[in-house]
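Each remark here refers to the structure printed beneath this line.
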Amino acid sequence: MSNKKVLMLMSGGVDSSVAAYLLKEQNYHVIGLHFKTVSDVVFSLIPEKKKVCCSPSDTQDALKIADKLDLDDFQIVDIKKEFKEKIIDYFIKTYKEGKTPNPCMLCNRFFKFGKALEIAHSYGADWVSSGHYLIKEYSNKYSTYIIKKGVDQYKDQSYFLSYIDKNTLPKLHFPLGNMYKVEIRDIANKIGLSVANKPDSQELCFIPDNDYRRFLKENGVTTEEGKVYDLEGNEIGTHTGYMNYTIGQRSGISYYKNANVKLHVYKIFPQKNVLIVAPTEEMYSKELIVQNVNFFVDFKEIEGFCRVRKKSEEKPAVVKKIADHTLKVSFKEPIFAVTPGQFATIYDESGVVLASGVINIKEMGEV
């Protein structure tokens, strides 16, 4: 890194705190940046079910860490208006379309590694750093900067950053990519950080209680009860509104036929407020289409690995480019419950992220 001034994304958690400490130890001038994405009132009215980011307590923790580490500067930036337009509105729109969104992907692209770079430029800092677990490096194989999996397979966050703009990579730095979580907590304890044993964030910052149905209803999204059909077109039950369901889900359906069969949501038709359900063996797919693809490495056809949701493993697949920003993924073995709206990320055999995009139901075959 040739420029010694770095903008550090400070969430108030242990990872970004230790990352900031490590940069200070390497004599970088570190400027802390903390985003406010939602009003503090949200957290006073809605209790956190699990730990979320961007809460008022996180802001206070980030301030304390910035002071303890004697950062060169620390800024709290209010992005509530932009965040609503780019992230919350997208979240609501995607559910209205009968799909399942992943707002963290877009937050990383537009804010953590988008707007943060603009702020870094205003400080004369050419670098943005964070406490994410992944590796950025120049690849001789691909003749470009790439991101790849961090060494800690349990904390690797390459999937969540697979939709950031490739052009930002030369300006990003991830100090924790070659470290393990246990090392981070050990360092935090040794230097006396108050957040050393703070739990990791698990839920969306704008839905502290993780109750999507409540959130959608409070934002004017209401649906009526609808009908449930099996694959043969028989009406076999009712549901509470199509936006309350995702592909693969089993709960929340009232059956008056086939109640003894294990059935999953197979397809969602938002315009008709109808769900199609199917037994487990019908929920597997060998192909999917990925649209709005973000390429880190351009290719026509490769044998690689595809991950289709945050809590899943990559599966071997042949991936073919069928249009400028569209991929066809053919899996070696069928995978369960491919979910429109989620992101599919393509890796090579060494864990390098090649591309990422949105699974789109309109172009998919049987799912």
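Cβ coordinates come from backbone N, Cα and C, glycine included.
Per Swiss-Prot, the features are as follows:
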- Cys107: active site, nucleophile (ACT_SITE)
- Cys205: active site, cysteine persulfide intermediate (ACT_SITE)
- Leu9, Met10, Ser11, Gly12, Gly13, Val14, Asp15, Ser16, Phe35, Gly131: ATP binding site (BINDING)
- Cys107-Cys205: disulfide bond (DISULFID)
- His132: site 'Interaction with tRNA' (SITE)
- Gln342: site 'Interaction with tRNA' (SITE)
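Recorded features from Swiss-Prot, shown on the structure.
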residue : record                                        : Cβ contacts under 8 Å, 6 or more apart
Leu9    : ATP binding site                              : Ser16, Leu33, His34, Phe35, Lys112, Ala116, Val128, Ser129, Ser130, Gly131
Ser11   : ATP binding site                              : His34, Cys53, Cys54, Asp58, Ala62, Gly131, Ser201
Gly13   : ATP binding site                              : Cys53, Asp58, Asp61, Gly131, Val195, Lys198, Asp200, Ser201
Asp15   : ATP binding site                              : Gly131, His132, Tyr133, Leu176, Ile184, Asp200
Cys107  : active site, nucleophile                      : Thr37, Phe83, Lys86, Ile87
Cys205  : active site, cysteine persulfide intermediate : Thr37, Val38, Val52, Cys53, Cys54, Ser55
Gln342  : site 'Interaction with tRNA'                  : Thr100, Asn102, Val308, Arg309, Val358, Ile359
Structural state of Cys107 (active site, nucleophile), classified by DSSP into three states: helix
For Phe35 (ATP binding site), the three-state class that DSSP assigns: strand
Neighbour count (Cβ, 10 Å) for Phe35 (ATP binding site): 26
Other C-beta atoms that fall within 10 angstroms of the C-beta of His132 (site 'Interaction with tRNA'): 26
